[in-house]
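First the structure, in the form of structure tokens, and then the observations on it.
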């Protein structure tokens, strides 16, 4: 069997064994995707014992490409809501991430000085304890630049392997302990996130208001500023027994009933200006109007603003809501359409059919993946990650690397949505498949590489001591941040899990956190919010530690 065929076979074995281990449940908690790492350690141990020759270049490529696939798909998933989340809670989340990085760095420095642990080994333990492979590479590079002995630099990998397993398990354990300690109800936390954090757009409300302000009588909809804004949509107007879709030029009369859609505060402002709230139903039942949901799939309308389609004047149809990546937005005139947007239409059946034909509404297109944008995004991400950042006093340039670059690019492209005929929308099933494939490949290779000398170092060397150091570097920052976040500011549990995973730059922990609730995107959103800064700080930390203690 060729070395390539053998390598693929071993990776498949690792994936099967690891996923099986990940499905084991102890008190309802399992390793999930993190089980692949331990499957890799087991297979790696026996591979070395029986002297199986695996292709190292192929393993290196698979490890890096798997990580790229994972972080890219995460970025595309959370991109549409990332920047709004950053405005709402990004400062607070990133403050906790910085706190965790700072504490882990201080503990590492203390262990190095108090126990005289060689610098290459403690930097390897640090990288493994915070589950950051790019930090390992950055540490090895700066030690090389500083003239360290190559044999000592190789010890970094062993320290990394000793600390990495608990780095993976430690965050899962903390997530589990916080859940038990505070008696967390996952469904309640998901609902709380939807109502309070970033998804407040989802809870768009409606209000029926009767026109009582005499100053509005005779004015058209577009002449009333509160009704001609991007924060409120007037989707129906009832005059007597007649229900209609109001046009911008439709004149308002005293006694008219307006059905408005928007956020609560905006609706209250409209009520103060227009008149009084009434409980009268403005349902389309029994009328010639109907409400339908259509999806944007026509490439010709991508990037166009709602006002450019002129649907009210041409078809007497109004878009009352716009759902993008699970977040409901007010369909203001300046809202730009993206592939996969779901539009809530109100109008006559024939007119709605005509509008549906314009925007596409081709459900089968939602299951198709444009591969060209995927590889454009990955390529741009790798280029960004390779750009060196020179800082005075640093002998080596800092880089976002193959994990940070693709994530940042994916966040931006996910937010943009489309450029011309290229769209970065990815069906949830395809996104999940890429994400899971990527993390399985990454962990399988890390496990295989760590497994060879893992048992020997654990039993006959200083492995147990190194693991103890790693536990301190892993557990203390996690517990400190988790308890402070939950006790001081009552942080949502799912958001907390994503923040911890992001601050540890730990994809398996994110996969575990995502699995806590089937539909909530809270963990992924907070992960992506803190990940770019955390990744930068994690890469910079071993370089700072090396510079501080090299000549001391």
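Using the three backbone atoms N, Cα and C, a Cβ is placed for every residue, glycine included.
What Swiss-Prot annotates here:
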DOMAIN    191-276  domain 'RCK C-terminal 1'
DOMAIN    279-361  domain 'RCK C-terminal 2'
TRANSMEM  4-24  transmembrane segment
TRANSMEM  26-46  transmembrane segment
TRANSMEM  65-85  transmembrane segment
TRANSMEM  90-112  transmembrane segment
TRANSMEM  158-178  transmembrane segment
TRANSMEM  371-391  transmembrane segment
TRANSMEM  403-425  transmembrane segment
TRANSMEM  439-459  transmembrane segment
TRANSMEM  464-484  transmembrane segment
TRANSMEM  493-513  transmembrane segment
TRANSMEM  530-550  transmembrane segment
Residue numbers, six or more beyond the limits of the transmembrane segment (158-178), whose CB comes under 8 Å of its CB atoms: 29, 31-32, 34, 37-38, 41, 120-131, 136, 184, 446, 449-450, 453-454, 457-458, 463, 466-467, 469-471, 473-475, 478-479, 482-483, 486, 493, 496-497, 500-501, 504, 506, 508-509, 512-513
Listed stretch, out of 4-24, 439-459, 493-513, 530-550, that has the most CB pairs under 8 angstroms to the transmembrane segment (90-112): 530-550
Region pair the transmembrane segment (403-425) / the transmembrane segment (464-484), three or more CB pairs under 8 Å: no
Distant-in-sequence neighbours of the transmembrane segment (464-484), which means Cβ under 8 A and at least six residues beyond its ends: 96, 99-101, 103-104, 107-108, 111, 115, 117, 121-122, 125-126, 128-130, 159, 162-164, 166-167, 170-171, 174, 177-178, 457-458, 496, 499-500, 503-504
Interface present between the transmembrane segment (530-550) and the transmembrane segment (439-459) (three or more C-beta pairs under 8 A): no
Stretch-averaged pLDDT - the domain 'RCK C-terminal 2' (279-361): 83
